[in-house]
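S.K.: One structure coming up, written as structure tokens, with questions to follow.
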């Protein structure tokens, strides 16, 4: 029984102790605002209440049991007898009250820092404003420079001859190299227009960049912009100078071209006058000539008769070249399917006259550079590839192994005045014949030297048994003309 009574008493004491602790801690949790201002720990709170921290804790424990008030030490003022002002009850067992933050001198320091920062921001804004004004002035100067350069470019473009600006594609001639310059001029104009468009886009972007510069603190932007503007100005000036040089070159080239055109027109007018005063009917049928007044790739004559397979041939004709010393071109060419150079008589540039058979070449010692009428005959046989060349009835050269044992293929196209790169076409102006052709005849055998001399002297005229020179068999194209002409009567008058 005593043991049970002791256990019961101990339990009650433990229960009372727990209740006292709970009651002592309730004011701290319920009223945190009662903490002393500026207190940061238990010792400072206890000293502000006028009692040491440990004694306050003990008195809190004793207050639940009705203990007496605080004792008065000798020598203390009487006022200390009175209870201290209400403050937070501290507990060393549960928690420590935290005092509310109170204003300190840091607030005054923060206010001074804000004022300094405001002054710094104002100073920075003023610097940015000055930078923006300087940039705007530079932009205006750049804009004036761009307008001035654009005006110069417009004056250069407007100063070009309209004929050069509107020059379109034309037919190929020996002077085609000079007419390639307008294409280069158009390319330069396109490049200048592209630069002008870029400059206009930059002008449109400049106001927006000027507005943004007031808020952007980077002075490198104007530097990059100015460097780009300087680069564009340099490119534009280079283009303008190149355009002026090209204009001067084109003016010189156009003057020369104009002289050549006038010369060609005079030649054409002479042909027209010759046709107007000539006979309208050819008598006999072979008394005509084919005239090609200028070197080009579109004037020629075509023989309207098929050529059979040949194992030998003789081609004779009267020629008068008007090309001077720049090469006589191609008096005639015969092409077949699969071989454009089946038979070609050609003189290109400063090279001697050549005879091509199946792309095999033999050089002929003939000369037509004096602008006079000459009688030319070429004879060839497939056996051993023997060939002979006659000028004005005289044998000038001979040889062998020219396309030996190769028969001339049939069903080809024979062209007077042009060299064929394909069957019946794709002429090259640099290889064209300029002058007059008459009495072109083709035989299927080699003529004797006596027969050739008789034809050249007009003492024994012969008509080709494969291709005779007849008006109905020869058709002119591209401006080539047929006119009345009798070479034997001309020689008789001379």
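Placement of Cβ uses the backbone N, Cα and C atoms for every residue, glycine included.
Found this in Swiss-Prot, in case it helps:
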- 43-62: compositional bias 'Low complexity' (COMPBIAS)
- 69-80: compositional bias 'Low complexity' (COMPBIAS)
- 316-377: disulfide bond (DISULFID)
- 286-488: domain 'Pentraxin (PTX)' (DOMAIN)
- 42: N-linked glycosylation site (CARBOHYD)
- 211: N-linked glycosylation site (CARBOHYD)
- 457: N-linked glycosylation site (CARBOHYD)
- 24-494: topological domain 'Extracellular' (TOPO_DOM)
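Quick one: where do these features end up spatially?
M.R.: Applying an 8 A CB threshold to same-chain residues 6+ apart, the list for residue 377 (disulfide bond) reads 314, 315, 316, 388, 389, 390, 447, 452, 455, 456. In the three-state DSSP scheme, residue 377 (disulfide bond) is classed as strand.
Packing around residue 457 (N-linked glycosylation site) is summarised by its Cβ count: 14 other Cβ atoms lie within 10 angstroms of its Cβ, all protein chains included.
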S.K.: Indicate whether residue 316 (disulfide bond) is helix, strand or coil by DSSP.
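M.R.: Reduced to three states, the DSSP call for residue 316 (disulfide bond) is strand.
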S.K.: Which whole number is the mean pLDDT over the domain 'Pentraxin (PTX)' (286-488)?
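M.R.: A mean pLDDT of 92 is what the model gives the domain 'Pentraxin (PTX)' (286-488).
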S.K.: For residue 316 (disulfide bond), list the number of other Cβ atoms lying within 10 Å of its Cβ atom.
M.R.: 23
